[in-house]
Amino acid sequence: MTKFLLLPTTLSHQLSMSLGYAEKLSYIEDVGNVGMAEHFDPSHVLREKIDQLAIMIKKSKHLVVFTGAGISTSCGIPDFRGPKGIWTLQREGKALPEASLPFHRAVPSLTHMALVALEKAGILKFVISQNVDGLHLRSGIPREKLSELHGNSFMETCPSCGAEYFRDFEVETIGLKETSRRCSDSKCGSRLKDTVLDWEDALPPKEMDPAEKHCKQADIVLCLGTSLQITPACNLPLKALRGGGKVVIVNLQKTPKDKKASLVLHGFVDKVIAGVMDQLNLQIPPFVRIDLFQIILVQALSNDKRYVNWTLQIASAHGQRATLPFIESVEVSFLDREDYKAAILDKQPFRLKRRTAYNKAFEMVLKLNFSDGCGCSSLEIDVPVDFKVSMDCFDFNKDFIFQKLRDKAVLKSKCGQNAVIERKTILTPRSDVTTYAVVTNVVQYSKTIISNGDHKKRRASLSGTGSSRKRSKGSSKCKSRSENTKG
């Protein structure tokens, strides 16, 4: 059973996702070859190889993709073994790179989204990843078609019932340890565990078995952005050879498996995949990120029943022990009520306590100020309050609402679209809970990629509102008056 709380990652001097993972790992002296030189095929040679790869993929009956850190470098996540890799810099005693955006706001690369298109077209049958950044799942690859061999920094799992919880924040531990949260299934309630492996942890059969099965069935295993050094994962692609399949490697560094490969391309993964998609005449879909939050009103009548003592909470949909990483502050104001004092909530948990007359309805305006890495700076939501009227409870068709939000976001090429996906009332203490979904990033992908051999800081060519750069003061604001109350 899989439970996904969508998402797929404040601009501070936080470490990027790879750095955070690397620092949590147990220390070992030997991490393999690091500081590996990058190689670039001449442009005309790379073009010929891209055409050859496109033909192979077009003829493929069972394509499997095997990914490493190299597919996420254009997302602002450094690799491990390259000239500026984490382990390379650590071994040289140099300072580690700073993150260009919070790791929980990392946006899938062109390659991530191209794989989504290949899967939807029926060409790509399975993805095997050594990455823990969660970007494959966030991009839209179905969970049942993905093996995350080394875990997922944003995933918790229940050891009792097997439920999975995909978070919008990085889980605080690694090494399959217990976290601070419990399974939300009322029949279970067990303590959850993280899914990221430490050095001494064996690859979980749940991920390894389907990966091995699909590699044996594959006529092509396409290895993208991996040095193929970490065992036993690096041996998986070779299992295709026994059944007559082929191995293709796209990587900037040479790998120990190059001699076994039918085709080796030395070039930026995004450039290669963009060329392949062009040859296959397949569009790369935009990435739309939808995040969830809850507005909770807890109320209690005074003894004389003339007043209501109430508390407003803007909370995570992932439970009380979870923070809201994409909301920086909340400004609360009241329409047409000069006697109600406005407030700014700038520390989590976002909570406001007030006392008002029981028989007076009013309307609050909540301005949610988003953290850096989101595509728009803020969102305003009207919240009508009438303590004499019970809130209607609804559980909307979430999949339909999510798709509607995505369609609107892509059409307008901006974020901020939002909708209610659930309303419920908890009797003790009396709490009205409304869950919202809001589009916080929209990214369009261009097939025009930097030329091979360009050693400048590289990113997929992106347009839209998914930029990882810090927003200016004039960034867009999104206002909601009607969408937030409709399913």
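Cβ atoms here come from the backbone N, Cα and C positions, even for glycine.
Features of the protein shown, as given by TrEMBL:
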DOMAIN    43-283  domain 'Deacetylase sirtuin-type'
ACT_SITE  His150  active site, proton acceptor
BINDING   Cys158, Cys161, Cys183, Cys188  Zn(2+) binding site
REGION    454-487  region 'Disordered'
COMPBIAS  468-479  compositional bias 'Basic residues'
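When Cβ neighbours within 10 Å are tallied across all protein chains shown, the highest count among the binding-site residues Cys158, Cys161, Cys188 belongs to Cys158. Those same-chain residues not listed among Cys158, Cys161, Cys183, Cys188 yet with C-beta within 8 angstroms of the centroid of the Zn(2+) site C-beta atoms are Pro159, Ser160, Gly162, Ala163, Arg182, Ser184, Asp185, Lys187, Gly189, Ser190, Leu192.
Between the CA atoms of the residue listed as 'active site, proton acceptor' and Cys158 (Zn(2+) binding site) there is a gap of 17 Å, rounded to the nearest whole number. Per-residue pLDDT, averaged across the domain 'Deacetylase sirtuin-type' (43-283), gives 92. Counting only same-chain residues six or more apart in sequence, the Cβ atoms lying under 8 angstroms from the Cβ of Cys183 (Zn(2+) binding site) belong to Cys158, Ser160, Cys161, Ala163, Gly189, Ser190, Arg191, Leu192.
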